[in-house]
Amino acid sequence: MVFALVATAFIGTALASPARLTPFTSLDVLGRDVTLASGCSVSSSTSCHNTSAVSNLCCFEAPGGQLLQTQFWDTNPSTGPSDSWTIHGLWPDNCDGTYEQNCDPSRAYTNLPSILSSQGASSTLEFMQEFWLDINGNDESFWEHEWSKHGTCMSTLEPSCLPSGSAKGAESLPTYTWLSNQGITPSTSKTFTLSQLTTALKTESGGFTPALDCSGSTLNAISWYYNLKGSIIDGTFVPISAPNTGSCPSSGIKYPPKSSGSGSSTTTSSGSTPTTNPGGLPAKDICKPPARMAQPSVVFSPWGHGQHKLWQCPQ
């Protein structure tokens, strides 16, 4: 059914492996599932680069043509492998940095594990259960939230745009490995400058700088940016540098290890000793001090939004 294909396509597209695959290469992360064919031309325009209006939004992502693949490094409790960042989601920002949300309540699906299983995407689900985790264990609610809030706003995933098939993966962004390659690993004593972190990631990614977010001075979130050429189903992700640096300070940034005594910390097959970091506060889904509130009055949601506790802004 169309709703199953839409949900499966979005979930599959957001599964950018944080640890195991080659950077910025179009890959079938799920290597095991059938790939959707969008029918879009390989010469489709790149999102946010058009000079005139595009009528076929099945093959041109708009208005959300600036895509963010956001990951978390959380430690309290620890979730996911000890040598890998975990997934928050794939967000379609507008080209000016604003964004739409909850665009189609009629496609706010539930029971996504059953949808994936019924579409033959059990390997997708297994990947999600390892790398796309909610800090309080409410994984399914977290996936549903990400789809409803962000996935329903992707023009190339409109039901009328979809053929039959299953899901295709997107890019690999092995943040942990890239930092490690440049001599930056989690530590209980070392601190880093923002320049050290961004330079390391720019070097490893082939020239692209992500946005880094911190809770206080503790690194816990990273967002990689793209434009999209064609459909999100099987188009080309075009990496770009982030339009902002994020919320981390210029120096004294902590990158602590994941503790082995909490949550679901494990080690990937090619990883190192289990090592945890306080919950993330990405700017996308929160009202975060100090940028938006000088004297924040906040409470924590009982529902952990992905890899962090969700800040609630007072009305």
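Glycine too: its Cβ is placed from the backbone N, Cα and C atoms.
Features as listed in TrEMBL:
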ACT_SITE  H88  active site
ACT_SITE  E146  active site
ACT_SITE  H150  active site
COMPBIAS  249-282  compositional bias 'Low complexity'
REGION    248-289  region 'Disordered'
SIGNAL    1-16  signal peptide
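In the three-state DSSP classification, H150 (active site) falls within coil.
For H150 (active site), the count of additional Cβ atoms within 10 Å of its Cβ stands at 27 [all protein chains shown]. Between the C-alpha atoms of H88 (active site) and H150 (active site), the distance comes to 11 Å. The least crowded of the active-site residues H88, E146, judged by other CB atoms within 10 A of its own CB, is E146.
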